[in-house]
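Asker: Okay, here's the structure, questions in a sec.
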Amino acid sequence: MHCERFLCVLRIIGTTLFGVSLLLGITAAYIVGYQFIQTDNYYFSFGLYGAFLASHLIIQSLFAFLEHRKMKKSLETPIKLNKTVALCIAAYQEDPDYLRKCLQSVKRLTYPGIKVVMVIDGNSDDDLYMMDIFSEVMGRDKSATYIWKNNFHEKGPGETEESHKESSQHVTQLVLSNKSICIMQKWGGKREVMYTAFRALGRSVDYVQVCDSDTMLDPASSVEMVKVLEEDPMVGGVGGDVQILNKYDSWISFLSSVRYWMAFNIERACQSYFGCVQCISGPLGMYRNSLLHEFVEDWYNQEFMGNQCSFGDDRHLTNRVLSLGYATKYTARSKCLTETPIEYLRWLNQQTRWSKSYFREWLYNAMWFHKHHLWMTYEAVITGFFPFFLIATVIQLFYRGKIWNILLFLLTVQLVGLIKSSFASCLRGNIVMVFMSLYSVLYMSSLLPAKMFAIATINKAGWGTSGRKTIVVNFIGLIPVSVWFTILLGGVIFTIYKESKKPFSESKQTVLIVGTLIYACYWVMLLTLYVVLINKCGRRKKGQQYDMVLDV
């Protein structure tokens, strides 16, 4: 016992020293700015900090590739499908078409005897259409429905403590005695909805799968996740490959689709190699129910800065599994399609909410670094502090008073994006990943200031994203973007003012003209490809029936 505590203390000290040393090392490399390669007049340079970031991308891609090889080998591993599984669907003001597609995909799941529990966040007349769709798709004679005036934590109007207890027991009994059931309950947020499903199921099943109401599941998605949990008893949770259902509806959804692929099949695949996936996404995830009930109350009652948390449910659920020392995995063999915002403002609000939960959960996650591979510490430091280094770099380049610095920065952003997207295209076997380089512009212009705004408002709670039937009227997310653009515009004006004081040399003019032409041609080429792709694939998608997940 004493030996285990001593080893635990050593691991805590070791991971802490490693993380601090890594951060100090990166900071020192950034400040010193040592250059390996440097041309005359400083038109191009490649330094220690750049070499470190390049090495990170190469190493991350390598481990992702190795994890994908392991996934392919697991196909040959036979398993017995004798474990009980329950699918929990969280619904809130869902688009009827998306909800219908979600439930139709649920009916096509190949895992035998899977139980379906859909909980609707809201019990007003405006929410009844979701229950009607559930009964229509799942079969009125094969499913049950129940309108609950309250939920597990709040009593209904005029309800006593005793009657609230009885209604809670009734809901639990309905869930346990029906293979398919839909419950409408008093509004309380997504975490309240998920809690109802977890609490009502109790320990009656072996594995619990989570799903959002805008998600279409691949028929084999449940089977593939069960395989991962069955192969290793120390794996506590597993997530699948989330693809975009409405990728051709707008430019924002299209860029999100290529970003999703990169996030899951490179970043999370790499994390999975070391058994420390940071977030099992809500649209497609599965947990050991025995673990779930060790922390479900703590998960629901999570507080941050004195306020109860109402967003970041999936990320905190994953962190709770990691806190127990269990591994979390990713499998590309389990797939789904999900809706993503097609409007810029809704997307910005979504990204701000996700960034809030990321930074909050980063602090919580840090307490468990010592229980997992050093890669978990390493990646947390790199991804957690990268935005700050990037902002410092951008401001520094824009206010140095040299037009070439700004142009070089724009070219470098696209070059790095192109290198990453080229590797992703090879791994995926699809040229569409080349558009990932366009997402880098969206990251620099919008996501970067959204991250800073998320930190500044991290204790502000709420559902985070309005229902799909609601028009977005919250424009506050545009404030940080406007401030960021003002800062960049100030840098451009300052640079033009400084450069106008002295004439350009002939060599400088040549470099600027060539750089501008390369940048302009790059954009013309990609935008042309985008228009061609949208016209070709957009028409094909209109008549397509989503009987299975297609990687297009």
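Including glycine, each Cβ sits where the backbone N, Cα and C put it.
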Asker: Taking the topology from Swiss-Prot, would K155 and G429 be on the same side of the membrane?
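Answerer: According to Swiss-Prot, which assigns topological domains, K155 and G429 fall on the same side of the membrane.
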Asker: Assess whether the transmembrane segment (511-531) lies in contact with the transmembrane segment (375-395), where contact requires at least three Cβ pairs under 8 Å among residues 6 or more apart in sequence.
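Answerer: When sequence-distant Cβ pairs are counted, the transmembrane segment (375-395) does not touch the transmembrane segment (511-531), since fewer than 3 lie under 8 Å.
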Asker: Let me spell it out: take the transmembrane segment (12-32), skip the flanking residues so only those 6+ beyond its ends count, and list any with a Cβ under 8 Å from a Cβ in it.
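Answerer: Distant contacts of the transmembrane segment (12-32): 47-49, 52, 366, 369-370, 374, 377-378, 380-382, 385, 389, 392.
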Asker: Report the DSSP secondary-structure composition of the topological domain 'Cytoplasmic' (497-510) as helix, strand and coil residue counts.
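Answerer: Once the DSSP states are binned, the topological domain 'Cytoplasmic' (497-510) shows 8 helix, 0 strand, 6 coil.
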Asker: Of T110, K190, T328, the recorded positions given in the record, which has the fewest other CB atoms within 10 A of its CB?
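Answerer: T110, out of the recorded positions T110, K190, T328, has the fewest neighbouring Cβ atoms within 10 Å.
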Asker: Determine, using Cα-Cα distances only, which of these recorded positions is closest to S221 (O-linked glycosylation site): T110, K190, T328.
Answerer: T110
